[in-house]
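Record features (TrEMBL):
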| type | residues | note |
| --- | --- | --- |
| TRANSMEM | 110-126 | transmembrane segment |
| TRANSMEM | 184-202 | transmembrane segment |
| TRANSMEM | 208-224 | transmembrane segment |
| TRANSMEM | 231-249 | transmembrane segment |
| TRANSMEM | 269-301 | transmembrane segment |
| TRANSMEM | 313-332 | transmembrane segment |
| TRANSMEM | 391-408 | transmembrane segment |
| TRANSMEM | 420-443 | transmembrane segment |
| TRANSMEM | 455-476 | transmembrane segment |
| TRANSMEM | 488-508 | transmembrane segment |
Amino acid sequence: MRASNDRFMDGVCACFFEVRPNLAAFGLCQNQHSIFVKNVVLDLKGGGGRKKVLSSNTSHVITSQTTSSTFNNNQDQDEKTKIRYQWAKNMLNWEDGSYSLITREEFRTNILYSLFIFITSFIIYVKTQYPDVSGGDAGELIITAHQLGIAHPPGYPLFTMFGHFFDSIIPFGTVAWKVSTMSSFFGAICSSVIYLVIKLWINDNWCGMVSAYLFTFSPLIWCYQIQGEVFSINNLFVALIMLMSVWYVRVRIYEDQVHNTSFWTSERIGYLSAFVCGLGLTNQHTLVVIVAPFAFWLMLIGGRDQFWTTKSLANMSLCALAGLSPYLYLFVSPRVNKVQYSWGNTATVSGFITHFLRQEYGTLQLYSGDSGTTQLIDRIILYFTNLSDQFSTVGVVFALIGLLSLLLGSNFKSFQSKSIGTMILFTFTFYVTFFFNLCNLPIEKPLYKGVFLRFFMQPNVIISLAIGVGLKSTFNIISKYNQSIKKYLLPIVSIVMIIYQIQLNYWMQDQSDNYSFRDYGHAILQNLPPNAILLVGGDLVTNVPQYLKLCHGVRTDVDIISLEVMSWDWFTVTQGPVYKNVIFPGRVYHPNLYDGFSLKTFLDSNQHRPVFISGDFKYGDNSFQQHYYTLFRGFSSQILPVNVDRHHYQIILKEYEKYPIFKLPNDTAKWPEDSWEYFLVNDVATHLEKGAENLLSTYLKESGEESDNALRLSIKMLTHALEIRAGKCWALKHLGLSYDHLRYRIMNNQSTKNPHSLYEKYTQQLHYYWGQYIDQCAHEKDQDWATIKSVIQTNK
């Protein structure tokens with residue numbers, strides 16, 4: 001009998017050591033597993049009964065009932081273990097009392113899935129990304145990465161260093177394309193991380209893939225992860241924080257059953273989480289809204305028994321500071337690398353703090369201007385109504401089921417206040433209430449609405465996880481009635497959802513042929529005379545020409561100066577010396593400060609160079625208006641003294657004849673009114689309006705052949721503006737005005753042939769355009785509204 005038992009135990013040992021390569025999730029190494037197995041075998045040999053049995057089918061360690069009196073003597077200790085174990089289980093919202101062991105085969109499978117998701121996402125991203133510079137802040141951020149300058153507050157040092165690295169190592173393509181490739185790269189990594197979160201949380205490859213791909217190819221995410229913006233890296237850090245939480249809890253579950261001697265203990269995962277959170281904040285500060293709830297959960301719930309010793313707190317602090325260390329770049333860069341279009345005076349302590357805290361914008365504000373009329377509830381409603389545009393109706397349904405699962409627990413029976421599901425739900429709620437309340441953008445304006453939509457990306461990471469959880473929960477319910485349905489239907493549903501998401505949004509997000517911003521920048525610069533000063537107002541007309549000049553050497557003779565940037569206190573200190581042939585007649589561009597200067601004094605001091613402007617003047621400074629005027633010169637206007645003759649019909653005619661024509665992104669289905677492409681098209685039309693304004697302001701009150709020709713040219717330019725952007729109110733009003741003056745002039749001109757026929761034609765055109773003006777432009781009423789309306793009503 002004894003020999004038989006020995007042979008039995010030898011067989012057990014052999015079976016256990018065949019599965020020795022099994023690895024515990026994120027922490028169980030082979031040595032640990034061997035020690036654990038040997039201890040179990042020794043217990044069995046010693047007559048202690050069965051404490052734990054390793055199932056070769058499920059790779060799970062499950063607790064079974066004891067059969068010996070020796071184990072009954074340790075019942076109290078086991079009860080304590082059971083309580084700790086239950087607490088860890090609850091944190092993960094798991095139904096059973098198991099922790100999963102990942103075999104080498106499963107580990108390789110996870111890696112292959114992750115690589116497949118990364119490669120497919122990266123290929124599609126690169127294939128559809130912008131070939132050159134895009135709109136918004138992208139131009140400035142690309143410039144900063146290329147020349148290692150300082151970006152606008154809070155500085156974005158991590159993006160800058162990563163962008164410079166990709167710009168340096170990729171030997172082909174434009175600078176913007178290379179930095180956009182970086183965004184695509186990190187966006188693809190984010191896709192793989194989202195898959196891993198779901199896989200390690202609910203152990204389902206298909207649900208993980210659905211979460212990853214629906215997020216990756218949702219319109220908002222796709223749009224910003226294929227251009228040189230900070231959002232791709234930020235999305236990755238949101239996903240990494242979610243992964244840290246799942247990883248930490250899985251290792252805690254393991255440690256509640258077996259002594260963990262591997263390197264990645266739960267405590268070290270906590271330290272790594274602190275580093276990841278700190279590092280993420282060096283890319284974009286909005287991540288703090290995700291970091292804060294996670295840190296609260298980790299310190300006060302998940303790791304409340306680990307991280308409150310002096311040693312642990314010191315280690316956590318050091319790791320967080322190490323993560324924040326890229327901000328040292330802001331101190332170093334201005335000292336060793338003085339370049340144009342670099343923000344702030346970060347080489348000083350006060351300047352660094354101002355920049356880091358975004359004090360120039362308002363530390364807890366996104367926007368320094370008027371916040372508009374929208375309330376918190378309006379922003380929240382906008383977010384939830386936008387979800388169906390991002391994930392489709394089916395995706396939103398699964399997300400709702402997933403959120404309910406996170407709230408109620410995986411078995412829909414009990415609310416687990418300590419679970420990571422609850423933490424993620426709280427993070428989501430905190431974001432859409434606290435952050436949206438701080439987001440003071442006037443979203444009733446389309447462009448600012450588009451800016452606001454960018455901040456939907458972080459909570460959308462959580463929504464994508466909820467879709468995976470919801471899909472799993474749905475098929476768990478279905479499988480209770482028919483096991484085979486889940487086996488065959490889940491892959492089909494998953495593949496259909498993924499393919500539908502990609503094909504639905506591919507055309508909309510394919511920017512591979514979108515050179516409009518580059519062409520626009522060339523159009524602004526090409527007509528400027530040598531050694532001109534170009535003043536710019538607005539992101540588009542500032543960042544795109546600066547990008548072409550500083551990254552590709554286009555018109556290096558031109559000094560481009562942002563009126564907005566010139567108004568900051570640090571500008572003349574850090575940027576003044578870089579502009580060697582520009583005179584700044586004061587400490588700061590601010591007409592109301594005793595040591596400041598106005599635009600007039602700046603223009604007076606720089607008369608030795610031709611000065612142009614593109615975009616808007618700085619609001620509140622009207623000092624120049626009595627002394628200077630602007631003259632249309634294509635995509636910019638020359639600023640001239642008032643004593644210069646204003647009869648510029650011939651100049652404007654020549655400028656219009658060579659007005660740059662390039663492919664405009666005027667398909668509003670692909671580029672709606674909250675996009676930078678829409679704004680660009682609108683800007684092109686506005687430049688034509690400015691040329692017409694030059695003509696009308698001079699020639700309406702004059703007569704003669706040149707005056708009549710000037711009115712005809714203004715009609716031609718305004719008609720062109722409306723062809724580019726229909727419904728522009730200024731153009732509609734002044735087209736009618738031009739036809740009104742021209743119809744009376746032809747009646748008084750005896751040399752005109754068929755004057756009555758022309759009069760009737762011009763009258764019809766007048767009523768057509770003024771009719772559109774009355775119908776479409778009530779929001780832009782002015783002192784002439786009532787007169788124009790009476791003319792239209794009389795005609796009717």
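Placement of Cβ uses the backbone N, Cα and C atoms for every residue, glycine included.
TrEMBL labels come from automatic prediction, so no person has curated them.
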Item to check | Residue numbers, six or more beyond the limits of the transmembrane segment (488-508), whose CB comes under 8 Å of its CB atoms | outcome: 124, 128, 206-207, 209-210, 213-214, 217-219, 222, 391-392, 394-395, 471, 475, 478, 669-670
Checklist entry - Considering pairs 6 or more residues apart, do the transmembrane segment (455-476) and the transmembrane segment (231-249) have at least three CB pairs under 8 Å? => result yes
Item to check | Proximity verdict for the transmembrane segment (231-249) and the transmembrane segment (420-443), three or more C-beta pairs under 8 Å | outcome: yes
Next on the checklist: As a test: from 208-224, 269-301, 391-408, 420-443, pick the stretch that has the greatest number of Cβ pairs under 8 Å with the transmembrane segment (313-332).
Outcome noted: 269-301
Checklist entry - Can we call the transmembrane segment (420-443) and the transmembrane segment (208-224) in contact, meaning three or more C-beta pairs below 8 angstroms at a sequence separation of 6+? => result no
